[in-house]
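See below for the structure under consideration.
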Amino acid sequence: MVLGSGPGGQKAAIAAAKLGKRVAVIEKRHMLGGVCINTGTIPSKTLREAVLYLTGLNQRELYGASYRVKDEITVTDLGMRTQHVIGREIQVIRSQLARNHVTVLQGTGRFLDAHTIGITAEEEREEKKITAEKIVIATGTSPARPSSVEFDDRTVIDSDAILHLDRVPETLVVVGAGVIGIEYASMFAALGTKVTVVERRERMLEFCDLEIVEALKYHLRDLAVTFRFGESVAAVERRPRGALTLLESGKKIPADCVMYSAGRQGKTSELFLEAAGLAADDRGRIAVDENYATEVPHIYAVGDVIGFPALAATSMEQGRLAAQHACGEPAGDLHELPPIGIYTIPEISFVGKSEDELTREKVPFEVGISRYRELARGQIIGDSYGMLKLLVSSEDRRLLGVHVFGTGATELVHIGQTVMGCGGTIDYLVNAVFNYPTLAESYKVAALDAMNKMRTVARLTAEM
Ligand SMILES: Cc1cc2nc3c(=O)[nH]c(=O)nc-3n(C[C@H](O)[C@H](O)[C@H](O)COP(=O)(O)OP(=O)(O)OC[C@H]3O[C@@H](n4cnc5c(N)ncnc54)[C@H](O)[C@@H]3O)c2cc1C
């Protein structure tokens, strides 16, 4: 029995079904596919694609600063594409579950005891009871809402409500410069909204390469984004036409809309975990071991409900691995080289170590850089700012980290991930022939750059 049909739940259900088990997934009405399909990953990434297409932003280098596919972009223009993709994705999931004979039970599930789940559907008064030998909890998260802030889903909103705005705001305050906050800030900035980002910390995206975060900030400022780092929100006051965000420093920021992106809370409050002998922490997260088993060995938990890294990509793998373990099938480990993709405009992706981490760990490394503007493909597509950076071990030329900024970053990173996963060195990249003209070629250029720098160091060292 799987609770929740997001990426973690789906893959757990299908993996168990493939191993010949009878499987059911419990999911709330209108939520098949989870947060991923309905309110999170897929709508936000489709919205981004619609923004890029309709604003013509990526074409302005070639056709001039005033180039646009559509002058007045409305929420209907944006919503059309999002709804189309969500609809198709739900069909794909429904069909995958059906052809693997997974039963989908509609309703909200809760534990009655460690093997029994009660299911309440909106239209039925009676609670259904279902028992299962093994249970996977994949109930995900919902946006955290600070109790001091009055949300109205129109003016003061979270990342779920931003998909249902009735117009593109002229001004927007984004509270919280985490991944979700910055992704939406960049999309609205591209649409022409004047965005102010308020972040309590002095930096944003601390886990990313500093040089790349600086490049992103430069681009966002160029799109009229204002950053207020090291500032906290004291209060948000709703007004007839918009809201006033009051900062603890005394600043007042007027805006049509305020979006809070202040982390997420595990969806465990409805589960009655205590009936199964389980508990969640204060952020609604469930603790698991290396096999995703909870304290109650036949109950597993996967995906966002177990916390970091809380990505669709990792949730899917956790679901598959948990189901295999639950069904007694030998399961591998989640690979230790998870890539990170941040779909800002421009996008960021990386795998492996950052310069800061290597420096802290006293690992000697060399940097190889390739800039898209020096690649024929970069010129053809009009991306003059993109870059790829390789961090290479000065001792044995192994690839230690790959950081990409610009067009196709989230795709390109996987070439580096593959080389790193196979323990490869940059010799492979130096000697390989890449299609021309491609952005993938940046690997060869960056590898040559690192190799040349290492050669210079070796020569000077030998002269001493
Ligand atoms: C705006 C946004 C953008 C994102 N972008 C990305 C991205 O680009 N890349 C990426 O990898 N990840 C991204 N994520 C994260 C990604 O969406 C999550 O990591 C992923 O959806 C988590 O999957 P999950 O299986 O844990 O469950 P979820 O997708 O959270 O789904 C959980 C499901 O469980 C159901 N449920 C909850 N309680 C019950 C109950 N009691 N009974 C029955 N059903 C229940 C819910 O209705 C829900 O459908 C993004 C998230 C957000 C919010």
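Here the Cβ of each residue, glycine as well, is placed from N, Cα and C on the backbone.
Residues GLY176, ALA177, GLY178, VAL179, ILE180, GLY181, ILE182, GLU183, GLU199 are recorded by TrEMBL as NAD(+) binders, and the candidate that the same record lists for that site, out of GLY109, GLY118, GLY250, GLY263, is GLY263. Per-residue pLDDT, averaged along the domain 'FAD/NAD(P)-binding' (1-319), amounts to 96 for this model. Cβ-based neighbour count (10 Å, all protein chains) for LYS45 (FAD binding site) stands at 17.
Taking DSSP states H, G and I as helix and E and B as strand, the domain 'Pyridine nucleotide-disulphide oxidoreductase dimerisation' (339-446) has 39 helix, 31 strand, 38 coil. Closest to LYS45 (FAD binding site) in space, going by CA atoms and restricting to the binding-site residues GLY178, ILE180, GLU199, is ILE180. A Cβ distance below 6 Å to any atom of ligand 1 is met, among the binding-site residues GLY109, GLY178, GLU199, by GLY109. Annotation for ILE180 (NAD(+) binding site): spatial neighbours SER44, SER159, SER261, criterion Cβ-Cβ under 8 Å with sequence separation of six or more.
Note: ILE182 (NAD(+) binding site) has non-local neighbours VAL174, VAL197, MET204, LEU205, LEU216, LEU220, ILE342, THR344, i.e. same-chain residues 6+ apart with C-beta under 8 A of its own C-beta.
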